[in-house]
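Worksheet for the structure shown next.
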Amino acid sequence: MSAGFLLVLSGPSGSGKGTVSEALMEKNEDISFSTSVTTRTPRPGEVNGENYFFTSIEDFENMVEEEELLEYAFVHTNYYGTPKKFVFDEIEKGEIVLLEIDVQGALQIKKRYKEAVFIFLLPPTMDELRNRLVKRDTETEEEINTRFKNAFKELDFVGEYDYFVVNNEVDDAVESIEHIIAAEKLRVKRHKDIKKEVLAEKKGDL
Ligand code: 5GP
């Protein structure tokens, strides 16, 4: 069995990260979603502890001070961060931990965790990105404009990622990510002692 690893998924707001992550999680039991902490106000239908841990700025700053976050960033107009403990516990169990985070967070992870895998989700076109932001009707016009402007800045960082996936159809995007995961699981470096695994006749589990 391959060791657990971090799977970082980034992409501009409206690229469909949330939908793709959900569909990916539904199909793959060995992926655990890392629920982030945020100071953003919940959107209608969002559940505390499921979509995010919604928290005050003060509590967020305490978590930063206590070094409870693996990474954190100020995105658009709010703080977002990844709780450390959950990630480490899941990796220890051999799980793939999915972090749906922005480029600033991804770059922090890249510096510290060499074994992490980085995927950038792209919209088919920038016009389509704007359409999706408008259509989902969860932000004010001003927020949509901020997110759309930020999308162009985020695209500058696509070269820092290992893979890109275009989200034209959710099912196709999920399938591409599954292929990436399948290949990553077969990296020799993810198997502490490949010879021992083979000799133990565990080839089927590799
Ligand atoms: P939203 O407000 O649309 O849920 O998320 C806004 C942005 O924050 C998205 O790009 C999302 O990926 C990013 N984000 C969510 N959680 C985290 C996190 O824990 N850390 C960082 N750096 N970004 C996050």
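Easy rule for this one: first residue shown is 1, then count along the chain.
Just so it is clear, glycine is given a Cβ too, placed from its N, Cα and C backbone atoms.
According to TrEMBL, the domain 'Guanylate kinase-like' annotation covers 4-182.
What TrEMBL records for GLY11, PRO12, SER13, GLY14, SER15, GLY16, LYS17, GLY18 is ATP binding site. In the three-state DSSP reading, SER15 (ATP binding site) counts as coil. Neighbour count (other Cβ atoms within 10 Å of the Cβ, all protein chains): 26 for SER15 (ATP binding site).
Sequence-distant contacts (6 or more apart, same chain, Cβ under 8 Å) of GLY18 (ATP binding site) comprise GLU100. Checked against ligand 1, the binding-site residues GLY11, PRO12, SER13, GLY14 give SER13 in sequence order as having a Cβ less than 6 Å away from one of its atoms. There are 25 other Cβ atoms within 10 Å of the Cβ belonging to PRO12 (ATP binding site).
A Cβ within 8 Å of the Cβ centre of GLY11, PRO12, SER13, GLY14, SER15, GLY16, LYS17, GLY18, the residues given for ATP, is found for these other residues of the same chain: LEU121, PRO123, LEU129, ARG132, ASN167.
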